[in-house]
Every structure is written in structure tokens, then in C-alpha cells.
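Copying in the features that TrEMBL gives for the protein in this structure:
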TRANSMEM  A:20-38  transmembrane segment
TRANSMEM  A:50-69  transmembrane segment
TRANSMEM  A:81-99  transmembrane segment
TRANSMEM  A:105-124  transmembrane segment
TRANSMEM  A:131-154  transmembrane segment
TRANSMEM  A:181-202  transmembrane segment
TRANSMEM  A:233-253  transmembrane segment
TRANSMEM  A:273-296  transmembrane segment
TRANSMEM  A:308-325  transmembrane segment
Amino acid sequence: MPERVDRDRTPAYRFLGVEVTRREAAFLVLGVVVLFIVPDLTTVSDSLQLSVIHQGLLFGFAAVGLNLLLRHTKLTSFGHAAFFGTGAYATAVLARYAGVQSVGLLLLGAIAAATVMAAIIGALSLRHTGLYFALLTLAFGQLLYAIALGQSALGGSDGLPIRPGPANQPLLFGTAFSPDVYQVLTYYLTVVVILIGLFVMYRITQSPFRNALDAIGQERTRARFIGLPVRRYVWAAFVVSGIYGGVAGGLYAVVRQYVRPEGTLFFLRSGDILFMAILGGFRTLVGPLIGGVVLVFLQDVGQDVTQYYDFLTGVVLLILVYGFPRGIVGSLRSGGIVNTRLNELRREPSVLSTWGRTAVQSIERKVTEALTSLRIILFGVD
Amino acid sequence: MLEARNLRKSFGELVATDDITLEFGKDEGELVFIVGPNGAGKTTFINLLTGFLSPDEGSIVLDGDDITGMSANGRVDAGIARSFQVVKVFEEMTVRENLRTVVLTEQGKTWSLFSMADGHAEVETKVDELLAKFRLEDAADTLAEELPHGDRKLLDVAMSFGLDPDYLLLDEPTSGVSTREKEYVIETIVEVGRAEGVTTVTIEHDMDIVTEYADRVVALHQGTVHGVGPPTMLETDDELRRLLLGVGDDE
């Protein structure tokens, strides 16, 4: 599936190297406005909770980092929770044992720890590609999970609180705030970090470094034979993507003021992060972030509606893979499947019946195939 | 000068390269063609020279330095570029982006995380030159995977030239190309190679092309050097003719 970004599009605005068309500029402004008014929106509706959206944004931010690997080097990491968890635990350890109170310093600690961890895990797992790479990242992630679970200094399965100093909470701008204000302020901190992070990622994806990563992802052998030290580049991308995870994890710890192995390091969190990138559209910059919010929201709503909420996410994944492989943002952008279909419908409403027919036919075909396979498995004959 | 000294490589029982000693580029910018029947070890030999494979025995020497243990990408930096028999280009990039990636790499700019990939004037100039030299201007904004086969071959070769090599090893640049396009592809290679003084080592099956363009011909057979000489060797060496064409004078 080639990446058909409108190569002949005409950007209307240019700012700090960011080039956007009118349409994109409109979405950009809308997105930023929405991000900033989320705390107000959550006071209007009960179904929207600030903490849920905040958590979605944080995991989504880790997914933005993961996406650098997924989109360009075409490597699938199944262990990105490792960096999220490293960031979160580094924050907790600094607060608990070093008495660090400043949010800024805590986040710097999270970044440093995640960078070191990504450098080590990257160096060890990038000897392989494909399945073995995925398995190695999964294994390292589980290793860290086991360490967090087993170390009493890290709180075991109970986890660690982040309640440093007499104020019993990290300080923003050297000041302690009431819990409600703290939640809103950290949310805005997250928004600012995300906007900076997206900007940095955008610039990276316009840079020569991206060309190197694309080359490696598309034709690894040729990449070596144009003179690229392949593993060093992939390693660098891995570290950058790990840093995004670390920042997200650090913010998560600061916001929740508590870290547990289940919530940060467990391998299902790695799966979530990967799912978010694909759900939102891994061929886009902001897709993973939106995927993060949508997935965490779905899981939260699902938990209220039914105890089988995993079923819900499973169904969403199936619809996604069969119907919208380009994800939410990938399907909605100009030239994406949704716009194309809408245009068709506007031009000739009768296509609807054709779609209905093809949909029914393809379902019939799938069912027949499945039944045939089942028959072969059960009776050994066709 | 690029030298192979007593190179040996086997895959299990099969000896693909059996004690080959050759040198290229004694005359700078020479056009050498490697000929030989299928299974003669032509591709293996190129793979050994470029670091795609490492030899069991023997050494590879570039301008007096032993580069046998050097990585593939290190050899590219040292001035040895190659193309592949089956086109290996970056399929999801346009022709221009393919060349840009190559030139950015060659000029050591790929570690730049915050400059614009298309914002380096000297890179863009070089890319435009390559597009013109290989007559790919019209296809510049076409995705590599959508190119006709002849253009894909040209792009592959253009990418190798974009690395500013001293030595260029081409593995059947005309394979799968229609007879009409063949001339065009090889002429472009010869033209650009001559103009830039690149020593070119090309594996080729079309004897008309070899006869017309070669400065020197290396014939391989069963992993060994059957003979080295001027292209007239193809006419005079009966055994070679029999090996290559399956015919002899007694036919």
C-alpha cells in the first residue's frame, strides 16, 4: 500500500517549517481549540471525564512515538509499554527516594531513564527484524514488568505513590495546588507537551533522517548499499520513539500520583499502544494520538456498559482491519475512503444499493469460506 | 584499483567462487563486462566484492587497503557502488525521492533531524542533474513501483551513480528489458560512466552489447576465471563461444 500523501498539494500557510493547506490549517486550529477546552467540556457532560481523556492523550502520545518505527522503518514493537513504564517508575522513584518535588525535574528524570532504557533494549533487540524483533521487545517489556512486580523497593504489585514533600504532591511552578486545580493544570501541561512533541515529530518526518528510515523500511538491502549503516539508524529511531513513551509515562505518573505495574508495564499496555497507532491511522502524524483517546474512551465506556468490554474493542479492531485499514484519520483525510465514498454518494445516490449488495455478498462469501474450513477441519473433507 | 585476490566462496558442496584473482580500474574508468554461462558464479563474485557476502578465503583490496572485513555500507563510502539483478529501489517513493535519499546519504546529511529533506540546494541540484542524465525528468514524480520496467532499471542505475562511486558493479542492468530499451539503458550507463570516469564492471548476457561497448571482458566458468581479454576474445576463443552459446565451430 503506497503512501499517497498529496504530493502536489499547495500549502497555504508556512510556519516554522510546517506547511499546511487551508483544510489542514482549519483542522489544526480546531484540534488545538478542542484540546484546550476539554476541561470545560467535561464539566458539561457526565460521560466525558477529564481523567479518561487525559489518559487517552498520554497513551496516544506514546503511540505517536511508536509510530516513528511503525510508519517508517516498518518495525512492529510489541514492548513500548516498557518505556512508558520506565518513565512512570523513574518519576515515582525520584519522588519517593530522592524527594524530588518539581514536576519539571521529575519529567526530566523520566526522559533520561526512558532514553537509557530504549538505548539498551534497542541495541539488544534490533539485531533482528520482523517477528523476532517483535518477540524480543515483548520479552524485554515482560522482563521489566516482572522486575517491577518483584521488587519491594518498587512497591511490587501495589506500586508506588508519587507524593513527595510536605504538600504531598509534585509542585508546578514551585507551588502546590488543590487537587482539582492540579488535575486541570497538569492537563494543560500535557497539552503543551503534546503540541511540542507533535511539532518535533512533524519536523523529523520532513527531515533527511526520515528518508533514511523510509529507505530502510522499504528496501533494507538497498539501504545498506546506498551506504546507510542500517542498524544505527533504526536504533536512533527506536530511542526517539522510546523517549516519547518515557515522557508520556512520566506525565502519567505525575497526573495519577500513583504507578502500578498493571497500568504501565503490563504487556497488554504495549498492545494498546500499538492498537492506538493503527486505530488512529499509522500513516498519519496525529492519528495515533486520536486513536489513544478513542481507545481509552471506548474501554472506559465499555467497562460501564458490560463486563465483556474486551469484546467491544475486539469488534472495533475487526471493523477497522476489514473496513478502514487506514485508521480513523487516514480514512477521514481528503482522498481517504470516507470522503471518496461520500463524494460518490453525492454524485449518484443509487450506489448505496450496490454497496449494500457487495457488502452482503462479501459477508456471504466469508461465511461460506469459514463454514468450508470448519467442515474440512471437523470431517477432513471438502 | 579494486582487486580480488584468491577469492573463494562455497555454499555447502557448491563452490561458487573458486580462487578468483582479478583487478579492475588499472585504467581508470574502464568498462569491464563479466560474461559466463548460468551458474558461473558471476553474481556471487559481485556479492563478494561489495560486501553482500564475505569470502571463505582470499581478500579484497581497494587502492592497496584490505577491505575484506569492511561492512557493505562502509564500502559504499569507500567508493564501491552496486546495483542488483532484480531491481531494488524504494518502491513507495517517487523517482525524485529515491534519488534525493541517495544523494542525502552520499553527502552525509541523513543524520539531520530538523532540516527539510528537500531544502538542501546542493542536493536538489545533484538530483536534477541525475534526472537529466538518465532522462528520467518526465517520470520524476512517479512512484517507483508504478514505473515501466526499463525506467526502473534506469532508476536503479541512476541511484548507484548518485553515490559518486569510483567503482560501479552492475548485475545485469539490462535483464528483463525489451531489446529496444536495452540499447538505451546500456548507452546511458556507458555515457555517464565515461563522462565521470567511473570504472564499471557489468554482468551481461547479450554478447552484441559486450562486443560493442567493452574495454575488457572477463569470462567466468564454474567459479573460475576462464579468460580475460579484449572483446574480440568472444570471436576467437572457441571454447568460450561453446560455453556461452552452446555452439562451436564444428556445429
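Using the three backbone atoms N, Cα and C, a Cβ is placed for every residue, glycine included.
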Can you see whether the transmembrane segment (A:50-69) and the transmembrane segment (A:105-124) are touching - at least 3 CB pairs under 8 angstroms, only pairs 6 or more apart in sequence?
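By the criterion, they do not touch.
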With the transmembrane segment (A:131-154) as the reference, find which of A:81-99, A:105-124, A:233-253, A:308-325 contributes the most Cβ pairs under 8 Å.
A:81-99
Under a Cβ pair cut-off of under 8 Å, which of the recorded stretches A:81-99, A:233-253, A:308-325 contacts the transmembrane segment (A:105-124) most often?
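It is A:233-253, which has the most Cβ pairs under 8 Å.
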Which residues of the chain, 6 or more past the ends of the transmembrane segment (A:233-253), have a CB below 8 A from one of its CBs?
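Here the qualifying positions are 55, 58-59, 61-62, 64-69, 72-73, 75, 77, 80-92, 106-107, 109-111, 113-115, 117-119, 121-123, 126, 162, 186, 189-190, 193, 197, 201, 204, 209, 212-213, 216, 259, 264, 273.
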Cβ under 8 Å, sequence separation of at least 6 from the ends of the transmembrane segment (A:308-325): give me the contacting residues as numbers and ranges.
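For the transmembrane segment (A:308-325), the list is 1, 275, 278-279, 295, 298-299, 302, 331, 337.
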